[in-house]
Amino acid sequence: MTVLILAEHDGQKLRTATRQAVSAAQAFGLPVTLLLFGADLRAVAEEAARVTGVSEVKRIEAPHLAHVLPEDVAPTLAELARDARALVAAHTPFAKNILPRVAALLDVAMLSDVVQIEACGRYVRPIYAGNLLATVENPEPVQLVTVRATAFAAAGDGGSADVESLAAPAPNAGLAEWKGESLAVSGRPDLASARVVVSGGRSLASADQFDALLGPLAGRLDAALGATRAAIDEGIAPNDWQVGQTGSVVAPELYIAIGVSGAVQHLAGMKDSKVIVAINRDPDAPIFQVADYGLVADLFDTVPKLSAALA
Ligand SMILES: Cc1cc2nc3c(=O)[nH]c(=O)nc-3n(C[C@H](O)[C@H](O)[C@H](O)COP(=O)(O)OP(=O)(O)OC[C@H]3O[C@@H](n4cnc5c(N)ncnc54)[C@H](O)[C@@H]3O)c2cc1C
């Protein structure tokens, strides 16, 4: 029996979250097989084979897999998972789109956003917007699990796994078709794996002010930008910057929350950050309860001074 990991990559490199899923999967005490879907997997397969803790890499490539559609890959994953003990992936939009379909095809329950694997079938996961941790048991014959990547260290290099090519599934064009994407190009680090995150709330009032105030600060600190859901709902920041229960969960070395109230749904996405700094003009804002350093101040006055001091 093996543990399969659905790998996520950009065609060139594995996402850090996949290396974190590899670390998580060691708790099963079984050989780990990394599954790669894509169009040209040469570079990614070489990297995957080097990841410590991976025993085998299965490479499944075809031109139509350049953009992995859940409709295309879920049946193949279900077939592979039938003979495995577990199918694990990082809890990212990529896997959240695919694993529930695999669970449905296998007619098993899946567990999402697991922060600790105590044993095969016994997991710890947050509930109530991260306010409680529940230990849950899953008796299914195949364990389908997504793990909160930030709860696990990223597996490094040092392995030398075998790489095997498998036949690719046919395009399932009747169900779904890739039409295109529009990607925001940014020189900033990826939010999920950035060492520093600067986040802003609704108080920044407009997208222009958000960029003008937080952009320079993020630039000085080589930080990713994050935002609250309220800021996103009001069009102040783009959707993929949302940090929180229904956004990204991040745990950077430094998280700077600017004009962020600290609602539980936001805290669920950032409270595991190593050092939290909050700037808010309301001394009773809940964000100060989790902040290591807090400054009660008007952000429009303070943030430009902070950016200037870091220049
Ligand atoms: C099911 C569900 C899921 C949710 N998921 C998420 C999620 O994933 N992420 C998320 O963030 N939220 C989420 N929310 C929303 C969440 O409950 C809050 O509404 C949201 O986080 C508030 O955002 P905010 O702090 O920007 O806005 P507000 O609550 O309006 O707070 C603004 C803060 O800015 C401060 N402020 C105002 N002006 C200034 C100034 N000039 N200088 C300094 N400080 C100032 C105020 O004192 C206040 O604390 C969710 C809600 C629900 C119901």
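In case you wondered, yes, glycine gets a Cβ from its N, Cα and C as well.
Here the structure is a predicted model, which means the values were calculated and not measured.
Pulled from TrEMBL:
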- 3-182: domain 'Electron transfer flavoprotein alpha/beta-subunit N-terminal' (DOMAIN)
- Arg202, 228-229, 242-246, 259-266, Asn280: FAD binding site (BINDING)
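What TrEMBL annotates, mapped onto the structure for a quick look.
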residue : record           : DSSP class
Arg202  : FAD binding site : helix
Gln242  : FAD binding site : strand
Val260  : FAD binding site : coil
His266  : FAD binding site : helix
(message) So if I draw a 10 Å sphere around the Cβ of Arg202 (FAD binding site), how many other Cβ atoms end up inside it?
(response) 18
(request) Find, among the binding-site residues listed as Gln242, Gln245, the one whose Cβ has the highest number of other Cβ atoms within 10 Å in the structure shown. (result) Gln242
(message) Tell me which of the binding-site residues Val260, Ala263 sits in the most Cβ-dense spot, judged by other Cβ atoms within 10 Å.
(response) Val260
(message) Just to confirm my parser: what is the rounded mean pLDDT across the domain 'Electron transfer flavoprotein alpha/beta-subunit N-terminal' (3-182)?
(response) 95
(request) Could you tally the C-beta atoms, other than its own, that fall within 10 angstroms of the C-beta of His266 (FAD binding site)? (result) 28
